Amino acid sequence: MPLKLTRRQYAEMFGPTVGDRVRLADTDLLVEVERDLIAEGGGYGNEIKFGGGKVIRDGMGQSPTARDADSLDLIITNALILDSRLGVIKADLGIKHGLIVGIGHGGNPGIQSGLGSTFVDPRTGKKNPMIVGAATEVIAGEGCIVTAGGIDTHIHFICPQQIEEAISSGITTMLGGGTGPATGTFATTCTPGAWNLRRMIEAAEAYPMNLGFLAKGNCGTPAPLREQVLAGAIGLKLHEDWGTTPAAIDVCLGVADEFDVQVAIHTDTLNEAGFVEATIRAFKGRTIHTFHSEGAGGGHAPDIIRVCGEPNVLPSSTNPTRPFTVNTIDEHLDMLMVCHHLDTKIPEDVAFAESRIRPETIAAEDCLHDLGAISIMSSDSQAMGRVGEVIIRTWQTAHKMKQQFGALAGGAHPAADNFRALRYLAKYTINPAIAQGIAHVVGSLEVGKLADLVLFKPALFGVKPELVLKGGFIAWANMGDPNASIPTPQPTFYRPQFGAAGRALTSTSLTFVSQAALDHGTFRDAGLARRLEPVKHCRRIGKRDMVLNDALPHIEVDPETYTVKADGRVLTCEPARELPMAQRYFLF
């Protein structure tokens, strides 16, 4: 006679199933399970679970005959998967050779039916059978949320310790520029020149993080830019502190089109070489990734935010303005003076700073995120941004917008707050991956991609991960006292794991470079251990390709009042006085 469980008992044992709702941390956001691939495959009662007296034992949920070649290397059981491409689904997740090979139902085909991946592996054209054997490790995903590792596309590589902060928050890919605590790096995300690029690519070997470097894009002639792409740069960065003139923009985009790399831009705050209209004309309809598109982080004052309505622009935010709060304005003035080498004793420097910090456009930025008109979130690490808070501030913004404007209608994901949750998740996972040409390997949990995964307990979602996997191997974890008799005694804090050590580190992390550099043989004798992965498909993309964030409103900014309108409607909201995912999580 089958055992009957209440819905609560089932959720406590095997995790939530279709129709169950899960709160994300202490926000007002609820996600509802849309599909249960385990139940669809083998039916309820056919789940597998590890532990004493549980299912994954020899001859039961574990095959006694499966050889290594046929078995998963790792299975995450009964996980709640949150992914902007896949939706909100319950499934087992199978990993082999560092890649996601199956999402569905795993176990022992000798005694279980309905096993295997729901999705085809693009490398084989087949669905993986998801066999658990003697070669298979297990992570219990029951009651956990699994997302793809986060991607931060706006990194000032000022110090290597940023990587520890970022991975502790759930970021697994960092893209940007710099050479350490140099004055140029404090302000601009550029690793200029072949020699500096080689040193940073060599340094990347030491860290459990996918890394890629932008070169300096401000140059009036193409030859110096070509040299940097051939040296391994994944893209070019135009920054106003180096002179972002229409001529420099035009040359830079021309080289990017030639080599299929992305261009990121921080536009001309002072409007010295032209207004926002001149910059948009210089784009000539070519793809470009605009950093801190609201303008507090830099850009044409007061109306750079207009670019969020251009079809060729991939707009991103940086996290200090996310979300708009009662403290945002005061904090930004001090940050800006430091980061851009300004002097409080020089009136022109003070005026420059004040021109960039506008409550009206920051409030509109909240609204544009909720509309899906700003597609990407990033940090601007140590240069007016916090590298460990991309994920937190994304979800704080989503919470604030639900509080102020209510539920967000979404046709494909109408249940609970699924549509809003997936829209905001896309801003730090799949959309930055698409923008920077790395979506073929990271950015989602789709079968065939690198197994860069983050596991959260729902109460700690977006704030403090339990585990961070790089290339299918645990690299970082919330770990207790190493001298304790069990893993959990306090103090628990983030510690590097075996995936962050030795050759396991270089086997499970990627360094992104240009295809041109690989074709040119730039790294043939470089002695690098990490896999070099080329960026691709950077140029013929646009806002239409931004997952769940492809809105193209016509945006206007009043030059006197800074009021922002989208399609004729004023965009504004009140600053938050209280936020979730804040002090209650960081008392110690």
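Placement of Cβ uses the backbone N, Cα and C atoms for every residue, glycine included.
On a predicted model such as this, the values are computed, not experimentally measured, just so you know.
Now, the feature entries from Swiss-Prot:
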type	residues	note
DOMAIN	149-588	domain 'Urease'
BINDING	His154, His156, Lys237, Asp380	Ni(2+) 1 binding site
BINDING	Lys237, His266, His292	Ni(2+) 2 binding site
MOD_RES	Lys237	N6-carboxylysine
BINDING	His239	substrate binding site
ACT_SITE	His340	active site, proton donor
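Ranked by Cβ neighbours within 10 A across all protein chains shown, the binding-site residues His154, His156, Lys237, Asp380 are led by His154. Classification of His154 (Ni(2+) 1 binding site) by DSSP places it within a strand. Comparing CA positions across the binding-site residues His154, His156, His266, His292, Asp380, the one lying closest to His239 (substrate binding site) turns out to be His266. For the domain 'Urease' (149-588), the predicted model reports an average pLDDT of 96. Secondary structure from DSSP puts His292 (Ni(2+) 2 binding site) in coil. The Ni(2+) 2 site is set by Lys237, His266, His292; from the centre of their CB atoms, other residues of the chain with a CB within 8 Å are His154, Thr188, Thr189, Leu238, His239, Glu240, Ala264, Ile265, Thr267, Thr290, Phe291, Gly297, Gly298, Gly299. Of all the binding-site residues in the record (His156, Lys237, Asp380), the one with the smallest CA separation from His292 (Ni(2+) 2 binding site) is Asp380. On the backbone, the CA of His266 (Ni(2+) 2 binding site) and the CA of Lys237 (Ni(2+) 1 binding site) stand 8 Å apart. A strand conformation is recorded for His239 (substrate binding site) in the three-state DSSP classification. The local packing around His239 (substrate binding site), expressed as other Cβ atoms within 10 Å of its Cβ over all shown chains, amounts to 25.
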